[in-house]
Amino acid sequence: MAIEFTKYHGLGNDFILIDNRSSLTPVITPEKAVKLCDRHFGIGADGVIFALPGQNGTDYTMRIFNSDGSEPEMCGNGIRCLAVFLTELEGVSRTKDFYTIHTLAGTITPQLTDDGQVKVDMGQPRLLAQEIPTTLAPTDSKVINVPLEVADHTWNVTCVSMGNPHCITFVNDVAAIPLESIGPKFEHHSVFPQRTNTEFIEIVNRNYLKMRVWERGAGITLACGTGACASLVAGVLNDKCDRTAIIELPGGELEIEWSEVDNKIYMTGPAERVFAGKF
Ligand SMILES: N[C@@H](CCC[C@H](N)C(=O)O)C(=O)O
C-alpha cells in the first residue's frame, strides 16, 4: 500500500512528515526510515516525523526517527514543521492557531504567528547531570564549564537537556571547527550513555550567537532547534549572553528566549513545505 508523505524543512533541517493520525504505531519501521532519509537512494532527510493521535489530553503526538533510525525525545525544527503540516491536514476544519503536542520530552506547544512563523513553548531546560544524562558530574549537579577530553584537546563543556541531550562548547571561530571528524567523538563519548548532540558556539555579542551542530543520529545538519535552545541556556549559565538572543545557524536564524517568568524556553522560526509524494 502506498504511503503519502510531505517534505518540510526548518532552516534546512529537513523532514519527511507522515499523517499517522489513525494509529499510535508509526506506519513505517526505523529501518525503513533510514532508507527514506538516504540522500542518494531515498527521498533524503534528517529524519521522519509522524503526526499521531493525542495522548494525555493533548491534540496530537509527535514521534520522530533520526536518519540513523534512532528515536529522539524531541525535535525543535521538526515540531515547527509538524505544526504547519497539521494545519495542512486539518484544512478548513482547523479551529485554533496552536497545538498541544505529546512528545517523549513532555507536552510541547507550537503556535502559528501572524507573520507565518511558528513560536514554540519548548518547556523548561533540565540541567542536572542525571537528566542529560552524563557522568561528567555527580548525578544531582549541573554541568557548567566542565573540562572534557576529545580528540587530544580539552573542551570546556556545558550540558543541557531539552528532553534530548546537548553538550555545548564555546569557541572563538565556529567556522574553523572540524565538525565531521570531532562530532562523532563527542556523540559517542563514554561520558554520554545515551550519546549526545553537540553545539559549537561563537559569541558575536550578548544577543547574537553563531552555532554549528553535530546531531546525535543525524550528523551535521543545517540547524537544530533544541540545540539552539540549549545553547542559549548554556550561554546564560556561563554569563556569555542575555536571556533573549538570535542564534545564527548555517540554514538561517532562530530567535530564542529563556523566560524569567516561567523558566521556559520559547523558540521562534520558520517551517516550510517543500513537496509531497508517495512511496
Ligand atoms: N534537529 C532537531 C533535533 C533532532 C533530534 C536529535 N538528532 C537527537 O537525537 O536528539 C531539532 O531541531 O531539535
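Keep in mind that glycine also has a Cβ here, set from the backbone N, Cα and C atoms.
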| note | substrate binding in TrEMBL involves Asn13, Asn66, Gly76, Asn77, Asn197, Glu215, Arg216, Gly225, Thr226; of Asn164, Asn172, Asn238, the partner in that site is Asn164
| query | From the Cα of Gly76 (substrate binding site) across to the Cα of Cys224 (active site, proton acceptor), what is the distance in angstrom? | reply | 7
| Taking the binding-site residues one at a time (Asn13, Asn164), which has its Cβ surrounded by the most other Cβ atoms within 10 Å? | Asn13
| Over all shown protein chains, what is the count of other CB atoms within 10 A of the CB belonging to Cys224 (active site, proton acceptor)? | 35
| Inside 8 A of the center formed by the CB atoms of Asn13, Asn66, Gly76, Asn77, Asn164, Asn197, Glu215, Arg216, Gly225, Thr226, which other residues of the chain have their CB, for the recorded substrate site? | Pro72, Met74, Cys75, Gly78, Val213, Ala218, Thr221, Cys224, Gly227
| said: List the binding-site residues among Asn164, Glu215, Gly225 whose C-alpha is within 10 Å of the C-alpha of Cys75 (active site, proton donor), in sequence order, or say none. | reply: Asn164, Gly225
